[in-house]
Amino acid sequence: MIDKIRDLDRRRAGALHSVGDRWRALPKWQRGLTFVAFVAFIYYLPLLGIPGLTWLRTDSISGGSNWAGVLFTCAVYVLVAIGLNVVIGLAGLLDLGYIGFFAIGAYAVALFGSVNSPVVKWFQAEFDLPPTWAVTWAICAFIALVMALISGVILGWPTLRLRGDYLAIVTLGFGEIIRIVARNMEGVTRGPQGISAIPGPEGPPSPDNQIFGLIDIKPWYWLAITVVLLMVFAVRRLENSRVGRSWLAIREDEDAAAVMGVYPFKFKLWAFAIGAALGGFAGFLFASRYAFIDPTQFNVNLSILFVAMVVVGGSGNMVGVSVGAVLLAYLPERFREIADYRWLAFGLAMVLVMILRPQGLIPSKRRARELKDRAAEAEEAPAHV
Amino acid sequence: MIPRPLSMQGDLVNFADLFGHIGQHTVDGLSKGAIYALIALGYTLVYGVLRLINFAHSEVFMVGTFAVLGLWTAFGVQNNPPIGQAIIFLVLGLIVAAIASGGTALAIERIAYRPLRRKNAPPLIFLITAIGLSLVLVEIFGLVLPKLLGEAVPSIFGRARIILGMPTIIEQKTLFTVLNTSITNIQLIVFVSAVVMMAMLDWFINRTRYGRGVRAVAQNPETAALMGVNQERVIMLIFVLGGIMAGAAALLWSMRFGFTQSSIGFVLGLKAFTAAVLGGIGNLRGALLGGLFLGIVEVYGATIFASNWEDVIAFVVLVIVLMFRPTGILGESLGRARA
């Protein structure tokens, strides 16, 4: 049985490989054209209506399809996956508390942008502002980015010197702490009641909003996908820069990298902070679209889901993690009848992928080679575990 | 009136309560920490030999509590049975929990870790696999079994992911009061049996033939293999031993707290791991020390702040320990536990 799966997987990988090679062999203008067509298609997606694929049953909107809403979730998850990929895939740091940064971004816009938040009320009382005053959405976006970035540095500073597996557990604890703090600090976050009336680009949610309303999700999707495309571009540039090469060097052999003049701590902190900022921004988008958040939305399972997206998709490869994110966001929505079992399926997927194909479904070539090297070493010299 | 939304409700810290009843809090902490210590042994054993964090160990404990619940339900145990019956149920519970937990730990090793070890996978891959497995186990007990067996055994798998109550086996009674500190029978049983279990494990590792094998592999796997130690067997042994200790912890937990849930393992596992690191991971006596210390710190912290901050305290302790003394109080190393 397992051999059969292995064999199938090998054939699939071979096919994928040749696709990649052929793609790279195409002339530049053809590649450019395909890329433009692909981007146009991504923007067109919410208008698509293929029965079975895009007609998703919804419980929130009667008779309607929540296809755009599902696409929005996919886009946010892709953003998360890209951010987490910087941390896990490029720098090789296992961050199990990514939900913490996501929550910080979400709470940043909630606390500063919503008229219901205690922080805004405090500002109003302190500076004699009108009761409708709140920080503008665009500034909230900036605050969310900066807060997530700073929290990434604060968490990374003491912990990044730790060994990898310790780091994983500490970050897991961090994600849980953020949730408990959001639940317990009722004076600041309104605790379990949550914060409503979180603003969108057009201000707080109201029926007068022309574009970014609560019913039509398409504009939200277009907004999110624009952010995703920008971030993909930015991270790709980063990947091929001095910083990106340093990350790869650290991931593959930290000591060797240090000997070669790469200061691991500095670059790890960079990866951590950039990843945190991206996660925070994803949380920011999530909170503005739903206009309401409470601490229960940021539980640990989601953190593990994020890790699953990256490792199942193929850590280190941006296409891979995006595919992983889309799959893990789309499938539970498509198969709602059995969506209860999604955590079981995610867990199984993680175990199976790690045992059978640790480099992920669509691997980064470099990472696959690294793992293969290690396996070969194990065959030459067993015993050392 | 100017609203003061940023103010905190009540006192921020409460030292009066802590110092007023310091003995009581210490006793509470010790009996709580004893359970942490038993679970921590599983992390420590595996880490000492394989240098990897068995993240799924928390679920080994969870399976143990379900085994105890299943046994007591099967026998139709009522609240406060006569003392003779209570002892029988406890002993049977220990055996069943140890078998269930040990078996789960062994299965985890065979199914997940062994193929990875063959491939010499990096530690992070082990960790991700363990997280996946832990999710699978939680879902099996929280969702799959309730769907399958919900009608057959409604008292255990009635509804998905609920908190399941257990019968009170021993009624909580204050045994004696010293210096304004009352010690209950359950606290005493938990503490004494945890220490006895650990002493037995310590004896096993340090004094027996098998234990010598474990220590040898922990010190140097290659040399141990050359000296005729079967490494695979040692690895199986440590997983089973860790599982048995988790089973014992599950029984004590069931007796003391009287409930279980499919998601019970997560926080408890993290705390036990903290305890293991605190005492020096890979060090058996360190696990005891770390567990007791963490239990006390947690009860003190929950008194000073508020009980809903309790879970944060363990994580903060973990971060502080890792920052300032990553080897823990006693230092890590199973191989040199008795140098």
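One-based numbering along the chain as shown.
Note: Cβ is positioned from N, Cα and C throughout, glycine not excepted.
Database features (TrEMBL):
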type: TRANSMEM; residues: A:32-55; note: transmembrane segment
type: TRANSMEM; residues: A:67-89; note: transmembrane segment
type: TRANSMEM; residues: A:96-115; note: transmembrane segment
type: TRANSMEM; residues: A:135-157; note: transmembrane segment
type: TRANSMEM; residues: A:220-238; note: transmembrane segment
type: TRANSMEM; residues: A:269-292; note: transmembrane segment
type: TRANSMEM; residues: A:304-331; note: transmembrane segment
type: TRANSMEM; residues: A:343-362; note: transmembrane segment
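Between the transmembrane segment (A:220-238) and the transmembrane segment (A:135-157), fewer than three CB pairs separated by 6 or more residues in sequence fall under 8 Å, so the two stretches do not touch. Pairs of Cβ atoms less than 8 Å apart link the transmembrane segment (A:269-292) most often to A:135-157, out of A:67-89, A:96-115, A:135-157, A:304-331, A:343-362. Ranked by Cβ pairs under 8 Å to the transmembrane segment (A:135-157), the stretches A:67-89, A:96-115, A:304-331, A:343-362 are led by A:96-115. By number of Cβ pairs under 8 Å, the transmembrane segment (A:67-89) is matched best by A:304-331 from the list A:96-115, A:304-331, A:343-362.
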